[in-house]
Structure formats: C-alpha cells, structure tokens
C-alpha cells in the first residue's frame, strides 16, 4: 500500500542524497573517461536536456554514459511534433493566465469550455511545454517520473539494448509488479497490471526516444515511478484543435500507462548496478556524479539551454501544417477558413469555397507567428461571428506574450 | 555514384558542378520507416560532414550529413511531403538535396560502390 502526500513529492528526490558533487572544471575533465555516470540535482527540464545534449556532443566517440534526472511537471514533445496537435495549449494558457492574475481577461471569461475549467495553478506548479531534440511522441514528466539515458557509440546501439538493461534492473527489484517488466515492440517497457476483470493487461511504464549523430547514439526514456499525474495526463495531451489540423511530422501513439511503484533510490541503485555490469569491466566509474546548474558556466551548454527555452524552438520548429475551420453556410455552402503554416509562420490565411478557391484573403496575418496571434477580428468580421477554433491556436503560456483585450478591472 | 562512410551517396552532374545526395539503401534499411525529413536550408554554405538536416524513423532523429562542401541549391520537396519515398527509393526518387560543389577534390575521399559494399560488410 503506497500513499503519497503531494508536499512530500514536491521535494526533489535527488537533492537530498549525498552523491559526489563535482565542479565544472572536474566535469570537463571527467567527460573524457570511457564510462561515466551522472545524476542531476536540478528539476529544470531545459537544463537536464541541455546537460544530456552536451554529453552527447562532447564525450569521446567510444565512451558510454549513464545520466539520470527528474523534471518538474512539464509536457515534452518530440523534435518533429506539432504542439497545436499534441498539447492542450488553451489549458496551459489558461493556467498561466490565471496564475498571472489575468482572471478578468474577457477572452477567458467568455470561455466556458469544460476542458479548460480548472483550478488556478499554484506557484511552481505551472506546466512547461518543452520540445526535445530527439524523435518520438509527447510525454508528461513530473517529480514522480525519472528520466534515464544512455549515450554510446552508434556501433553498439540498438533500440532495445538499454531498454532491456532497465527492464532487467526493474525485474531485479522483485515483487509481482516489476517482475513482469519487459520491452515491447515499440521499444517501450511495459508491466502487467490488473484489469477490470481481475485478470492482467500490460501497461507502459517507460517510453523511449533516440537521437543519432555522426559519432554518437543517445537513448533516453522516462520511467514512471510514482507519478501523481497519471489521471491528468490525457487532459494535458489532448488537443482541442486536433480535428481542425492536418499536419506533417510525427503523431503520438497513446498508450495506457502505469507507475512501477518503486522508490527513486531503489530504481537508481538497480539501474546503476545493471549499467556497471554491462560496462564496468572497461574501467568503469561506479559512483554517480551529481551535476546541476553550475554547468551553465559552460558556454556551449548554456547556448543549448537558451535555445530550448526559446519560442522559436518550441513553435517555429513545427513541421508544416494546415488548419481548417468551417464557417457558417450563410457565406456559401461548404466554405471554410484555412491557414497554411510553415516553420510556425502563416503562409496562407483565407476563406475558401468547396472547390478550394479563395473567396476572401486575409493578408494581415501573412508572415505572422501563429502562436502569437490572438486577434482574429478580421476573420470574425467577415464571417459574422467568433470562431472558438481559432481562439485555441494562440500559444500556450509565455508570460507577457498576450494582448489583453478590453479593460482589466 | 559514390558513397561516404556516413552512408550518404552523391552523384555528380556531367558538368561536374552539382552533386545530388541522399542516404544509401543500406542506411534506409537500417533506419526503418522514415516518418519525417527536415530538409537542408536553401542557399546556405555547408562543410563536408556537417549536419544539414535530419530524418526521423521509429522515434529516432538521425542527422543528415553532407558528404561534400558547397552550397545547397535545391531540395527534394517530394520527400518532405512523402518521407516513405526515401525507404522506397533511397538512391533514386528519394534524393534529398542538390549541392553546388565547392571542392571537387573532396570526391576523391569517397568510395565507389564496390568499396562501399566492402565497407558495410566490415562495419557490420
């Protein structure tokens, strides 16, 4: 029986362990070792992904590196994904706006959508939208989820090799739940959990993604230990614009998920042990070294950190897509408003008829960044009514980004 | 048609100025189903071995490395619209970009088909 108090889980499980902390200069020497293992004391997803990317690009081609980190609650999408399609941007936006005290914003007041009807977010609990550099689909991270990664030479790399390593680590912990851990055909780790009929079904506990460069291969993955957000995940990863968007790029495959219900310390020791068994013979480092924001002293790492946080990376990196919203038949039967978006910029904004001929163009939107557009009044004037589907296209939650319409009381 | 150790091919036009490049059949098979191609930017100057784009297959993003230095003069819109073209015809319709060669001498460092076949066998 496991019960969790929210305030306990807010504590970073890594901060309180007495691992060996290293300085930036000893880190820069250490990254030349053949086998290395690190653990981050930061919960900052941008920092952790940047440390990981620095290790991918700056460690010797024949070295192998283990890295463990835990992020604060955030949604992490794959490099070639579309945030409008994968993420509930209006929900993120509303949480951020509420937090900023923009409660009287008329846009929000008029929005009675049940999907965005949520409690005001608390300080430090706002959810970030993060785009990683590796492939794959959208996942949710929180303090009850640990991320593990292994960077190795491409010649040693297979998609299953290190997932098998972690599945073995989980099985080694014993207990009826984790003893069923195995890697499925999607390279995810699954376990057996009880289904409604007192039988068993498999549920995903760890999802993988990869980044392969000229000389290196990175495999990183989540592992749900004791996430408190399992029931909330579908709400955050369901886009209300899904039906209106036709996109290139990578769409997520949703799976039923479960927690392994293993403590962070036990997971860490089991994975470290398996990693050591696999690579320790080549003169391995047994002890995990603790890293954190001091590494931002390294210019290359800081540069990647800044890039990951930029709205250009989050939104403009999106593969091209088209938004199509029906307009009232009074403007001609089968007419629809269409936006073509390339590199996050509006390339076409027009009402088309059923033969896909332009009936009315809206040149004022051309070249604009879709995530920054909050004023669709030109379209509304033409169509004769507001279109909720367009309101939902404004970006998620970047402070100060939004035009406040009307008087804030 | 000649090949790089990074599993890219390049075919040089008759006048020797433009090289068309793509990924080798072997690379396409190893990557699996390609679901997205991030094409190189047009008109940019590139160095041999530089990452100028990426392909995604089975949750993996793999860098596309230019086999030569030069300038990107054309990209293949067909593979952007239909990435599976690369799996179906990696060394034909699935080409990725055309590059105006900066240094023809670089071509001599690449392998002909026989040498490449041998290289793959040794690597695997």
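Glycine too: its Cβ is placed from the backbone N, Cα and C atoms.
All TrEMBL annotations are machine predictions without curation.
Per TrEMBL, the feature domain 'Lipoyl-binding' maps to B:18-100. In the predicted structure, the domain 'Lipoyl-binding' (B:18-100) carries a mean pLDDT of 93.
DSSP gives residue B:59 (N6-lipoyllysine) a coil state; it is part of no helix or strand. Among the features that TrEMBL reports, N6-lipoyllysine is placed at B:59.
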**Item:** C-beta crowding around residue B:59 (N6-lipoyllysine), within 10 angstroms
**Value:** 25
